[in-house]
Ligand code: ADP
Ligand code: MG
């Protein structure tokens, strides 16, 4: 062992410590994944070297044959992985293996419940990485040297996975990283050629560079060569370059885990080779669940970009629109130059046409999933539906296609589950119905009993119930689907078109005429609070509702804007009353103008409450109501 200098002991960052603890205690049922993680890192390190060597070929130091070697020692109970990739400098080692927790670690840890079982499944979302070595090892040593640094600038990192790690400078002749795992007692099974080979085949067959193991030697001890013969145990060709028919589902799934750092299987994937004006291969995956940082603006997203099989960058986010940011995978282009940079990507017209083709691919893949595996699609919708709802506003060209993928709660389904597609809705249209009706609100519980739905219930017409925060905004972009316009049932003067018969309409006009006096009285009683007062023909059970003006902001948008401190233009609702309701009949017959005023205000406030709005003057409401109650019981 060579001389070590500048030795120091450093503490792991708090988050790293917590993560380590959690990992060691929750992943014991699937220990072998440590090998996949370390090989995945070695492969990334080789990719980085290849990329940097494009500009600086001297980094290869004459050794261009890139590979990973895995060895073991039964007696010493060690497993060793060695790669000749980019390696790490002392600073990088300290940062990557101890100080800098992966971006989002803190947020991730915040989500933990303390319930061991729940948390174990959460860790899968996070991607476990280097620290998974401690699942099987009670001591891990890393010997590494960054390509381009001198042999004297090697680094020795060592830790027992508890609170701290040691780091020292050490001589290292070859660039790259060697990781020595000192197996815990009970984990000796991994110091075995057969076991290692199986695990590598299972998880790392897709890795695009050779993974070598020493060949078993069966002769006499005295004939054993000093240097073992090496044997490549994986297929060693980048998975996406192989024809679809030669790749098994398991291999696609393992490759997904490598590119996504996810721990679970994807829901679906699409692998395509494009030839013609543009040449590229893409392999795109829909993850099985949402990462915890899906809504963080700075969260990494995008595809792994390769140019002619050479890795160029992670998280190239120019290839898909923002509303598909959950898609993982690789794209390998033959048209881009090897020294392409992010700046160039942002301007290159080649990227635009790739982007629109890849977007179509993803939408097609989702359509297929929805059609062929509705249960899986449900899971997809739960995780990513909210993000997909950003689509119609962002991607005008694919609006109709995206709209077809949306799922809604509806009056035709119980429980508020979002399972109804616009296609379903349209297939159930009533005779004479040429609109898609919807109602937005704060929660399912609130909208499902909304008075706005009364006439629809009576006529048996389905209404979509939209209660996500984003919905009102979404609907300002979705104006029609399949030639049918969307109508917000809480907005404007509801016109049911030919769903109302001629007689209905005549009757409505007559009622409206006969109530003109009441309308005028109400107008003067409610005064500035309302934009208009009119007779309603959408109510059966409730005395009154408030409708939103055709051009006004809805309640949801208003609340969002107010919460973000923006000034919201004042808009007044339209007061609609149900001429057949006993309370309205009483009101109409009320000779005392004071009581008439009180009662009108109560009706107005109740209508606001039913719409999920808050009262401007709740105390006045309570006072009026109490006054009335006292009079009643007198
Ligand atoms: P991730 O792979 O998701 O970045 P890991 O925990 O697996 O997270 O690895 C942390 C970091 O350590 C890597 O991003 C890389 O910078 C560094 N690293 C790990 N293994 C190697 C290696 N074999 N060669 C070079 N760098 C490595
Ligand atoms: Mg990793």
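Note that Cβ sites are derived from N, Cα and C of the backbone, with glycine treated the same way.
The DSSP secondary structure for residue 342 (ATP binding site) is helix. For 37, 41, 83, 88, 102-104, 125-130, 177, 342, the entry in TrEMBL reads ATP binding site.
The domain 'Histidine kinase/HSP90-like ATPase' annotation in TrEMBL covers 30-187.
Across the residues of the region 'A' (1-342), the predicted structure has a mean pLDDT of 89. The feature region 'A' is assigned by TrEMBL to 1-342.
The region 'C' annotation in TrEMBL covers 560-634.
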Within 10 Å of its Cβ, which one of these binding-site residues (37, 83) has the largest number of other Cβ atoms?
83
Output: those binding-site residues from 83, 130, 342 whose CB lies less than 6 Å from an atom of ligand 1, in sequence order; none if no residue fits.
83, 130
Secondary-structure category, per DSSP, in which residue 83 (ATP binding site) falls:
strand
Going by DSSP, how much of the region 'C' (560-634) is helix, how much is strand and how much is coil, in residues?
45 helix, 4 strand, 26 coil
Please compare the binding-site residues 130, 342 by how many other CB atoms fall within 10 Å of each one's CB, and tell me which has the fewest.
342
